[in-house]
Amino acid sequence: DDSSGAETPFLEEDGIDGCVDYKGRPVERTNCGGWKSASFIIGVEIGERFAYCGIDSNLVTYLTGPLGQSTATAAVNVNAWSGTAALLPLLGAFIADSFLGRYRTIVGASLIYILGLSLLTLSAALPSLNTYGCQKADTSILCLSPELQVMIFFFSLYLVAFGQGGHKPCVQAFGADQFNAQDPEEFKAKSSFFNWWYFGLCSGTLISFLVLNYIQDNLSWVLGFGIPCIIIVVALIVFLCGTTTYRYSVKRYEKSPFLRIGQVFVLAVRNWRTSSVAAQKEAHGTLPSASSKQYEFLNKALLAPDGSKEHGKVCCIEEVEEAKAVLRLVPIWATCLVYAVVLAQSSTFFTKQGATVDRSITASVKIPAASLQSFISLTIVLSIPIYDCIFVPLARTWTRKSAGITMLQRIGTGMFLSSVSMILAALVEMKRLKTIQEYGLVDKPEVTVPMSVWWLVPQYVVIGLSEMLTMVGLQEFFYDQVPNELRSIGLALYLSIFGVGSFLSGFLISAIDKATGGNGGESWFPNNLNKAHIYSFYWLLAALSALELALYLYFAKKYIYK
């Protein structure tokens, strides 16, 4: 139960089914929820993304700079942390959907987030605080045991990951809960919510890239880590201010949704010897025809092992349908993994690539390498209003669909663009290496390559368009296509795509680094990027993306919507 009041198993007819207010009373559309409540929640997400991206986007610079790690090691560490941070929402969503509810989980996770960011700030400040004679921030790493600094840093970093693991899936699901899918107008508003949610998310990210990355690179890492901590505190206060306006979901069943769905699979396996014909007869006329023909083995959960139907020993039709809905997500989830690997490059190799070229805007102003990612956020911030206000209404008149195009069509279009971005990145990298050879800079990695940073902008812009389509599409898809009580888990599954993708990216980089750098060979990813073969890695990802898209289209065509 998400409400902070008493349980309300039955709702009045004029209330919204499955929702109560903060006191546990039935709610009407005009009293609670809608865009008023969603605006508080979008505001919280702007703050959370500002804080998270302030750490994530420039992490590779901190690891290779103050902590002195190699490029390959830092890339693997960034991918490992990003992967863990993207998988932890599964734990946070499980706690929310099974025990605490989304509201309480968000509050608890925010407190963990604040603790992690406080310790992260402390880890950067410790040398100047505890060491006598340390007067300059840029020499402080010499004044403290590097091992101690690394230990505190990574502990606090993973604490931040735990905090966002509870925060991320619940805030978005809680925001979407403020719209009633049974009402035609609110149904359209809910689809629009996912667009404007991502608009807010990218606005926070963009501000973070432009402000925090500059502070971290030019002023102070202590300040660069401390500001996100303050912002999360403000975000929590904003969230609490909206408490009286929210709609809170009510559990329809006493049994946990995980137990219900798990029981379907257990009974289906237990009854595997039972005639499938018998299961089909049991399902005939009760299950939707298209659904009953898909994953027929789960229909066996409708039968008791001995042929009887004793209470509690068989599953009901609705439980079987819930299990099928979850199972149908697996092929879509799996065919999005390479897309996640492609996205992981924007915060690692794209950044290292950008650090080598001429980033000067004027004689005295230089763009921080990590801030190049702001072109992704800027593209999304500019394209979402066009998509939601112009494209969707036009497409709606043509297709008669409330969202203009289907969620799977939107996801697939973005995946195609991600493959295009890798091709662009490979071509630009080849141009960069050619420039290096022309100017004889192969063995001079410290010298800025005489090539404008604007050459890198197209790959960032195409990635941004890809994200606007695929990421928003995946969020809406995994929220909409899971059982109502598993919506936090649905969004956690969406986030886990990028967690597994980050790990796969780290694994690929490590494997290629060992394979190409072994026996005295030249690694694709040496510390001297002037000798690197990153373009070969980009071509590999472009090929894998094309293969993945073909598989995705096959499964998307067969997908049956909930």
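For all residues, glycine too, the Cβ spot is worked out from N, Cα and C.
According to TrEMBL, the features are:
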TRANSMEM  80-100  transmembrane segment
TRANSMEM  107-127  transmembrane segment
TRANSMEM  139-160  transmembrane segment
TRANSMEM  196-215  transmembrane segment
TRANSMEM  221-242  transmembrane segment
TRANSMEM  370-395  transmembrane segment
TRANSMEM  407-428  transmembrane segment
TRANSMEM  491-512  transmembrane segment
TRANSMEM  532-555  transmembrane segment
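Only pairs six or more apart in sequence are counted, and the transmembrane segment (107-127) with the transmembrane segment (370-395) gives fewer than three Cβ pairs under 8 Å, not enough to call it a contact. Residues 37, 40-41, 43-44, 46-48, 50-52, 54-55, 58, 62, 66, 106-107, 110-111, 113-114, 117-118, 120-121, 124-125, 137, 171, 208, 212, 215 of the same chain, all 6+ positions outside the transmembrane segment (221-242), place their C-beta atoms under 8 angstroms from a C-beta of that stretch. Proximity of distant same-chain residues to the transmembrane segment (532-555), defined by a Cβ-Cβ separation under 8 Å and at least 6 residues beyond the stretch ends, is recorded for 331-332, 335-339, 341-342, 345, 349, 353, 411-412, 415-416, 418-419, 422-423, 425-427, 429-430, 433, 508-509, 512, 516, 522, 524-526. Within its own chain, the transmembrane segment (491-512) has Cβ neighbours under 8 Å at 72, 75-76, 79-80, 82-90, 92-94, 168-169, 172-173, 329, 333, 336-341, 343-345, 348, 474-475, 477-479, 482, 523-525, 537, counting only residues six or more beyond its boundaries. Ranked by number of Cβ pairs under 8 Å to the transmembrane segment (370-395), the listed stretches 80-100, 196-215, 407-428 are led by 196-215.
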